[in-house]
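I have placed the structure first, in the form of structure tokens, so that the comments after it can refer back to it.
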Amino acid sequence: MGEAEKFHYIYSCDLDINVQLKIGSLEGKREQKSYKAVLEDPMLKFSGLYQETCSDLYVTCQVFAEGKPLALPVRTSYKAFSTRWNWNEWLKLPVKYPDLPRNAQVALTIWDVYGPGSAVPVGGTTVSLFGKYGMFRQGMHDLKVWPNVEADGSEPTRTPGRTSSTLSEDQMSRLAKLTKAHRQGHMVKVDWLDRLTFREIEMINESEKRSSNFMYLMVEFRCVKCDDKEYGIVYYEKDGDESSPILTSFELVKVPDPQMSMENLVESKHHKLARSLRSGPSDHDLKPNATTRDQLNIIVSYPPTKQLTYEEQDLVWKFRYYLTNQEKALTKFLKCVNWDLPQEAKQALELLGKWKPMDVEDSLELLSSHYTNPTVRRYAVARLRQADDEDLLMYLLQLVQALKYENFDDIKNGLEPTKKDSQTSASESLSNSGVSSGDIDSSQIITNPLPPVASPPPASKAKEVSDGENLEQDLCTFLISRACKNSTLANYLYWYVIVECEDQDTQQRDPKTHEMYLNVMRRFSQALLKGDKSVRVMRSLLAAQQTFVDRLVHLMKAVQRESGNRKKKNERLQALLGDNEKMNLSDVELIPLPLEPQVKIRGIIPETATLFKSALMPAQLFFKTEDGGKYPVIFKHGDDLRQDQLILQIISLMDKLLRKENLDLKLTPYKVLATSTKHGFMQFIQSVPVAEVLDTEGSIQNFFRKYAPSETGPYGISAEVMDTYVKSCAGYCVITYILGVGDRHLDNLLLTKTGKLFHIDFGYILGRDPKPLPPPMKLNKEMVEGMGGTQSEQYQEFRKQCYTAFLHLRRYSNLILNLFSLMVDANIPDIALEPDKTVKKVQDKFRLDLSDEEAVHYMQSLIDESVHALFAAVVEQIHKFAQYWRK
């Protein structure tokens, strides 16, 4: 092989010098702007575009790879031009050959002066530094310039310099390739012919450039020569072909931090200086300016879940004396206190007595797990003493849960020592029996009956317990003392605590909490035994209730064991209820109904008892009341009703809050009571599922016209019934949205003949739903048509009621959030899934970040989204078919 046929090359990684690039000339004409552009931007008239001679252009050059710059740009030096742009200048780029990646490209932008201190791009072009075979470019290249844009260094680039979009560019590209082949020795060199050929090539290129609408920038890349031999630069990376291990799975590496969990000395020093006792006298008379006052008002208005920043805590502490006149600010102040510092805690407790008394509903926050100081918790109990029995009953379920955050030793120490007493000779409390806690049946604590009595004492005549006026009561003592004064409170306190005592999950997971509830029940039993005759009657009636429920559970188990179909089980149920010798349920001494103790019952009517069509077959029972009437209930065995009990309690509370604002939305908060983790009572409301209404009557309006016709009312329906329907729809739409009630279909929406619509079956709450893509609220086409359609007056009234209800409930959001915060450790299925997110889920539904006006617009969007939810309609049809095939 001859010397001329050899290919000489050098690796790019071995050439440790900077890349150089020569900027040659710029060919082509710049297109002038239109007169309209000059009128809109008069500065154009003074730019280089309108100079008589060639304007003073300059070129910047920058290397890119993968869309990122590898170095700073460099530019040509100043040069004055007369007839053509010709820099003829070598630029030394701040990048060396070994540092160039395979996909490196150089971006060239031509700039023109545009006013003082500014420039505009004439055009840009980009070219890769390595060819498709990995050879570094050499020699001269004519690059197409894209007008009025900067060179694009991304990959792929939007300003390619080497392109063949037209026939003329194809011709120039073909000639450039032939020139390159001649330079590399792939053609026979004939001097006289070469000179003629190159001259002709230059003429063709000049002609093509002139006829083209684009400008062309000529650049030249360095050629490497050694010993009169030309070398090509081949891209090569040392050790680039070696395989490198790739981790298919990551591994966490734990790096020990010696300062982790250690005290931050700077923060501690700042905290001590900010809370110094020396600043107390000066803080006493401190008043905030307007800006600070607004900031304090914002902090006070925060929801109870909001964590205060260190700056906000310091601000509240600084103006603590000023805030003592604001009852809403007390909880925020107590959050600022570091209770581990004795002096700071002492200051806070001294100020607690001087603070303006907080509202009863706000004091519930102080009973949550976040407040462990016993004085603070007893202050909350002292505020609860101001609540009447009706309000206390609304919070009782949560207050029983709040016992989990009390001092268990204090509750245990409240038990009286074991001793025989003449008053208890007929029935000793379990604590005197010597039975160990592990062998305790919680229902036996209070089911040792006294001699029977004719009727329970009126709540107003119950004698006050001696410690009832004690301002230092803990929560347990307070609840027991109030229950001893009111038979209704005693009824619900007993059943709420009984359920906690019988909770097997708590017994296994947290034995101390289980033991605490047993001690609460013992103390309750002792308090009832210590009272006068009327108080001891309460204990006797609670024991009778427990016996009655136990017999009913025994009966339901016997019915469930019965083989055969539902009809046969119904017959067995009625037969057992009628057998007074075995069950003694149809004729009993007068006792309060556990579900609603104001109702006194004499037994169950056997002939009317029936079982529902469902897997667990709950029983519908009719109780004989004291006045000879009937009270229908549903008794469920094998089902945990605590979640339904919570939701109905919150709905009942919301109904009371709305009525307080003179807004009666005709809600139906039927009563639910869990008497165990496996059984309980539900009030039965005579009603028809909406699905059945649509099947039998065709529409909701037809149903109303059948049972409440009126010639003068809207659509031939009684105006009162239509008003009730519209209001109840609005109330439940807003409430079920806030509580995140899921699994809504027309079988668990019920309708009464008086127009009340209400929801049942709250197995999915807080955003959980077995169906995909549920709408924000259950509001389908059939329900809207029941109001007369989206254009009707009733539908507009429905929307108005939704807005009003939502705004009112937002104002009571703190109370509702406090109640849910006390339930986070309750064994309620949908809360136990994510207890730390429970309160946040409810808070998010209130949208407290919005103003009232914004909240109304937000509710509008929710209603519109729910009405037009197409997927929800499809799911409803699927559910309808599924129910059909089950039947």
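All residue numbers here begin at 1 and follow the chain in the order shown.
Just so it is clear, glycine is given a Cβ too, placed from its N, Cα and C backbone atoms.
Just one residue in THR163, THR424, THR506 has phosphothreonine written against it in Swiss-Prot, and it is THR163. SER165 is the residue among SER165, SER427, SER563 that Swiss-Prot labels phosphoserine. Of the given residue ranges 29-37, 578-586, 623-631, 740-748, Swiss-Prot assigns the label region 'Catalytic loop' to 740-748. The domain 'PI3K/PI4K catalytic' (605-871) scores a mean pLDDT of 93 in the predicted structure.
Residues of the same chain lying 6 or more positions beyond the ends of the region 'G-loop' (611-617) and with a Cβ under 8 Å from any Cβ of it are 559-560, 566, 569-570, 573, 634, 636-639. Neighbour count (other Cβ atoms within 10 Å of the Cβ, all protein chains): 14 for THR163 (phosphothreonine). The DSSP secondary structure for THR163 (phosphothreonine) is coil.
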